[in-house]
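According to TrEMBL, the domain 'Response regulatory' annotation covers B:25-134. The 4-aspartylphosphate annotation in TrEMBL covers B:Asp76.
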Amino acid sequence: MMDLSEPTMDYSNLRRQITFMKKSFFDQGYLDEQFNQLEELQDESSPNFVEEVVALFLKDSPRLLSNIEQTIGKYPQDFYRLDSLVHQLKGSGSSIGAVRMKNECSVFKAHCNDRNLEGCRRSLQKMKREHATLKQKLESYFQLLRQVGPREHAVNSRK
Amino acid sequence: MATMGGDRRQMMEDVAEDKFPEGLRILVVDDDRVCLMVLEALLRRCKYQPTTVMDAKTALRMLMAGKQQFDLVITDVRMPDMDGFKLLELIRLEMDLPVIMLSVDCDKKVVMKGIEHGASDFMVKPVRTHELKN
């Protein structure tokens, strides 16, 4: 129900901010079409679906990154295991539309294939940075969405 | 998709003609929780009935136990405890259930391997709704 005490100006400002923020994620290449697909899957039966999936990704991916780091540090190198871990990260990243992470995973996998340890190390550093940036952006985005409240989600706003 | 053998082509045609109704019971196997969550939501939106498991051994146990009936299995190609191809082989050996392979990459070698092992189809993550409906 409409909360009449809330000034509509603030509300539409918020909505504008949210739309703009989301557009910037797409324009700067952080997210791709898959993110829109997630929003399409959100409905009355799962009203917080996008936030929940993203939260799950942000919860699980640090552990994966840490496993990757540990595996890189091992001697002798286990490129097969490294590739498997990066493969998993690529899958989960692509499931939420995290296109930069997905692309860096592909680069990482190529280094594993070439048994290029230095390349793997560089990729890992890049991925950690990408991950931190993505996490910060998405958390800000959902924080804004929560302020708008459950009456409306950014489902209809497109790129 | 690449060319497939006789009975598999029939199966694909059946699917294309939408002979698979709503309520299709699908067992989804993937070691990643995020992928599972997204795929499950996608399948439910298509009005299918997904059941998710995170490893191949559990999937096999469920299929063998027969307590729950399934019409289709969708499995990730690469999982830590048993790879998707092995699972595919075992399922094809034991029961007449179509299996769709799921992977992050669309590597031709991987696709061919899937087909050789008896996969009914191959999909690349992230999966889109229209792919599932077909």
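Every residue gets a Cβ built from N, Cα and C, even glycine.
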Same chain, 6+ residues apart, C-beta under 8 Å of the C-beta of B:Asp76 (4-aspartylphosphate), given in sequence order: B:Val29, B:Asp30, B:Asp31, B:Asp32, B:Cys35, B:Gly84, B:Met101, B:Leu102, B:Ser103
Model confidence over the domain 'Response regulatory' (B:25-134) (mean pLDDT, whole number): 86
